[in-house]
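Here's what TrEMBL has on this protein:
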DOMAIN    2-374  domain 'Amino acid transporter transmembrane'
TRANSMEM  20-43  transmembrane segment
TRANSMEM  76-95  transmembrane segment
TRANSMEM  115-132  transmembrane segment
TRANSMEM  144-166  transmembrane segment
TRANSMEM  178-198  transmembrane segment
TRANSMEM  210-233  transmembrane segment
TRANSMEM  253-280  transmembrane segment
TRANSMEM  292-311  transmembrane segment
TRANSMEM  317-338  transmembrane segment
TRANSMEM  358-378  transmembrane segment
Amino acid sequence: LQGIFVLGLPYALLHSGYSGLLLIVLAAALCCYTGKILIACLYEENEDGQLIRVRDTYEDIANACCKQLCPSLGGIVVNVTQVVELIMTCILYLVVSGNLLSHSFPYVPVTEKTWCVIAFVTLLPCIFIRTLKIVSKLSQLCSLVHFVIIFIVITYCLTQMHQWSWAKFRLSLEFEDFLVSVGVIIFSYTSQIFLPTLEGNMKNPGEFRCMLNWTHFFACILKTTFALTAFLTWGEKTKEVITDNLPSFLETLVNLCLLTKALLSYPLPFFAATEIVYSCISKDNHSNYRSLLALTVRGLFLLSTLLMAMFTPHFALLMGLSGSVTGAAMTFLLPSLFHLKLKWKKLSFLEKCADTSVFILGFLCSLAGIVCSIKGLLEVFG
């Protein structure tokens with residue numbers, strides 16, 4: 001999920017300057033923290049003071065927080081938020097795939113929507129994905145392709161080191177451009193939707209916090225290096241997607257790698273979303289994916305992503321609007337709010353202040369993103 005946003009990090013530095021470097025580090029720390037407190041909400045102490053996993057999903061946490069008001073209200077809100085974010089992500093991968101195919105083969109007389117359908121055909125086997133193991137294998141391949149892309153771009157940038165100049169960094173900032181940079185940087189780290197399932201499937205869940213620390217640390221180092229080298233290479237000429245700055249022969253190669261990454265990335269949000277929907281409409285065991293109902297859910301979901309990718313006007317702006325609401329909610333607002341609700345009596349004063357600060361920051365980021373997205377939509381529609 002992070003690859004699309006990572007390619008926009010150099011462009012984010014163009015509009016945020018030195019503060020962008022600080023934001024990359026700060027976003028890593030904040031997302032790592034909210035991931036930890038979200039998983040902490042899955043556990044409660046027993047009579048012996050031992051932590052026992054009493055909840056399994058984001059939905060269970062939400063229901064526990066809202067049980068006095070309405071036992072199922074929290075779960076409904078979380079599920080709707082998750083499904084909206086996941087389906088928008090799936091649509092984005094289809095849109096990106098069609099765009100990349102169109103740019104990679106400009107001499108083929110095929111429209112971008114037709115390329116989108118061709119990409120969709122390659123994703124049809126997703127209907128038969130029944131376990132997270134298959135998704136994890138595809139995600140491993142996706143990570144490998146991601147590193148190939150980063151390696152190609154950084155290697156090219158290093159060959160242009162003689163052109164680097166720190167004078168390219170901006171000191172003065174425009175507020176709206178800075179907000180765009182904040183959104184790109186923060187949402188390049190988001191993964192909270194998948195963390196409860198990931199932690200529950202680990203052979204040793206006790207290593208989760210350590211795993212989260214190291215993954216965010218290395219992600220921060222990689223993203224800082226990538227964004228910095230790319231921006232120092234192209235400076236004011238840095239484009240929204242950094243691969244557009246590459247020479248034509250490298251751009252085609254990287255675009256094909258990006259296409260592979262987009263197609264390999266699709267199954268993860270697809271599987272997560274269909275599992276949520278299926279569990280909501282069926283009381284059967286979640287492993288019963290061979291049923292006609294499960295196949296129907298996955299088939300309809302797959303088809304809906306294609307239709308929306310092809311016929312939704314100004315999808316990028318709508319993605320920004322929904323992402324500002326769902327992304328900030330799932331990453332900052334809900335984890336901090338749930339942690340305060342479930343662990344209030346056991347939290348120290350500093351922990352309460354930290355959760356409150358994260359909640360306020362998430363609210364401000366969400367509000368700013370909504371304002372910018374609505375403004376963009378109003379400009380488009382005149």
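From the backbone N, Cα and C atoms, a Cβ is placed for every residue, glycine too.
Note: TrEMBL annotation is automatic and uncurated.
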Let me check one thing: do the transmembrane segment (210-233) and the transmembrane segment (358-378) come into contact, meaning three or more Cβ pairs under 8 Å with sequence separation of at least 6?
no
Thinking of Cβ pairs under 8 Å, which stretch from 76-95, 144-166, 292-311 has the most of them with the transmembrane segment (115-132)?
292-311
Per the definition of 3+ C-beta pairs under 8 A with sequence separation of 6 or more, do the transmembrane segment (178-198) and the transmembrane segment (20-43) touch?
yes
In the same chain, which residue numbers or ranges, 6 or more beyond the ends of the transmembrane segment (144-166), come under 8 angstroms Cβ to Cβ?
2-3, 6-7, 222, 225-226, 229-230, 232-233, 235, 242-243, 246-247, 250, 253-254, 257-258, 260-261, 264
List, by number or range, the same-chain residues at least 6 past the transmembrane segment (253-280) whose CB is under 8 A from its CB atoms?
1, 3-4, 7, 59, 79, 82-83, 86-87, 89-90, 93-94, 96-97, 100-101, 103-104, 119, 122-123, 126, 129, 132, 134-135, 138-139, 141-142, 145-146, 148-149, 152-153, 193-194, 197, 243, 246, 286, 289, 293-294, 297-298, 301-302, 305
